[in-house]
Amino acid sequence: MYASREDIGYDFGDDSKVGSKPIKPNPNIDGGWAWMIVLSSFLVHILIMGSQMALGILNMEWLEEFNQSRGLTAWVSSLSMGITLIVGPFIGLFISMCGCRKTAIIGGILNALGWILSAYASNVHYLFLTFGVTAGVGSGMVYLPAVVMVGQYFQKRRALAQGLSTTGTGFGAFLMTALLKYLCTEFGWRNAMFIQGAISLNLCVCGALMRPLSSKDISEKYVVRSNSEDNQAKALSHSAETIKSNGVLSEEPEKKEEATNEEVLDSVQHIEMGGKSKSGRKMYGLRILKTVSQLTVTVRKGFAIWYSSYFGAASLFTNRVFMAFVIWALFAYSSFVIPFIHLPEIVKQYNLSSQNNIFPLTSIIAIVHIFGKVILGIISDLPCISTWNVFLMANFTLVTCILTLPLMQTYVSLAVVCALIGFSSGYFSLMPVVTEDLVGTEHLANAYGIIICANGISALLGPPFAGWIYDITHKYDFSFYISGLLYMVGIIFLLIQPCIQKKQPREKSTEEAQV
């Protein structure tokens, strides 16, 4: 989904042939330029996810400026966060044609444009288009390559690398909350968004750092990792084998298509050579025809890779554990997003604004979130610890905090619960690792795109739902209770499916014994 062979390195060859040769490791795998990729991803998380986590400041400004309901106004923030993640599978089409680097640079320009245009908003519906859609799509075009590139460059320290890069969300939420609060106070929210748009242009620099690995380097990384996968959990490796055994995309149709496309280009070049004796206007027309033909070839090849990744023989949707993971993602992310959007309003209702101004609760979540990602990443990399178990324990802690948060009405108790929310939500750094364990390295981009798309749907519907519940009951309590219960349903799906996967081989073996 996400990239061409140069970026993702789809392996169409025989793994056994590659594994029989001595492998010389690339110095950029787990080192060298890999740490520049981590830095790039870290900055992307600061500028995109951090800014989105600080939208509660702007949400209050929009409520006062446009005097609309909380449910309608919350759609601005949720559209931006949701679209950033929902466009995951579709951004892959652009990456298949242009690569991660160019896609990220274009996305940085689009994101900055969305912020700047939003400074001239005359109503909430205008913000839906400029900030929700334009800035959201731009964010998605930068965010997805940043996450996938870290997974490509690391083999031994994947969890730690993802943890370090995604700590940018916590740093960004803390920094952007303070920055937007200062800018709104000093210059007003319109000028604040204009300045933030200028800052977002740094995303283009982050995209320029995303140097793609060659397909050879990625295939070597995959072979090395496949030799050490025996130590992984059997349930996870079984699900990965299910995906791999479904078939590999055929190479012959692609070769035929490439040959046809080359014939078209050759014919255009031949016409151009023969047209040199004619007028300059005809030559110019032939050059345009050649450019259009090359663009058509690129689009067709990119679409073929994107389409076959999702609807080809190696479909991800045949993996039961992965589908349970998708269902979990549909309910999980809204429970994390709702506090960031509505906590400023909750604090105002409890008359805790003076204490919250000294140290905002959202900043507490952001700071502890940083330590949570790093610590959970380090723990998951330990040989005696299962990443899957750490992931589940963090989810249980987070859902417990979401359900108990409405019961807390003092600043200290809210601060304690917010700290636990920040630490347990550090499992976000483990999501790419768990996804790769479930489906394998070669399907990571496609699978992670589906997961964050499901997260995007959750983020899109969560905050408006909470605002709608408040408009009816004038309380946020039921919003947290309902989102927490739905989150628990998703966790139950994660617990049930691995048990089914383990039981199936045993049932088959008993049947064969009877025969």
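Just so you know, glycine gets a Cβ as well, placed from its N, Cα and C.
For reference, TrEMBL has these:
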type: DOMAIN; residues: 37-502; note: domain 'Major facilitator superfamily (MFS) profile'
type: TRANSMEM; residues: 33-55; note: transmembrane segment
type: TRANSMEM; residues: 75-96; note: transmembrane segment
type: TRANSMEM; residues: 103-121; note: transmembrane segment
type: TRANSMEM; residues: 127-148; note: transmembrane segment
type: TRANSMEM; residues: 160-180; note: transmembrane segment
type: TRANSMEM; residues: 192-210; note: transmembrane segment
type: TRANSMEM; residues: 321-343; note: transmembrane segment
type: TRANSMEM; residues: 358-376; note: transmembrane segment
type: TRANSMEM; residues: 388-408; note: transmembrane segment
type: TRANSMEM; residues: 414-435; note: transmembrane segment
type: TRANSMEM; residues: 447-466; note: transmembrane segment
type: TRANSMEM; residues: 478-496; note: transmembrane segment
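Counting C-beta pairs under 8 angstroms (sequence separation of 6 or more), the transmembrane segment (127-148) reaches the transmembrane segment (447-466) with 3 or more such pairs. The transmembrane segment (75-96) is in contact with the transmembrane segment (321-343), judged by 3+ CB-CB distances under 8 Å for residue pairs 6 or more apart in sequence. Residues belonging to the domain 'Major facilitator superfamily (MFS) profile' (37-502) score a mean pLDDT of 78 in the model. Note: the stretches the transmembrane segment (103-121) and the transmembrane segment (192-210) are in contact (3+ CB pairs below 8 A, sequence gap of 6 or more). A Cβ distance under 8 Å defines the sequence-distant neighbours of the transmembrane segment (33-55), meaning residues of its chain 6+ beyond its ends; these are 76-77, 80-81, 84, 104, 111, 139, 142-143, 146-147, 149-150, 153-154, 161, 164-177, 179-180, 196, 199-200, 202-203, 205-207, 209-211, 340-341, 362, 366. Same-chain neighbours of the transmembrane segment (321-343): 53-56, 59, 74, 77-78, 81, 85, 173, 235-236, 239, 243, 361-362, 365, 395, 398-399, 402, 405, 418, 421, 425, 434-435, 438-439, 447, 450-452, 454-459, 461-463, 465-467, 470, 476, 479-480, 483-484, 486-487, 489-491, 493-494, 496-498, 501, counting only residues six or more beyond its ends whose CB sits under 8 Å from a CB of the stretch. Stretch with the largest number of CB pairs closer than 8 A to the transmembrane segment (447-466), among 192-210, 358-376, 388-408, 478-496: 478-496.
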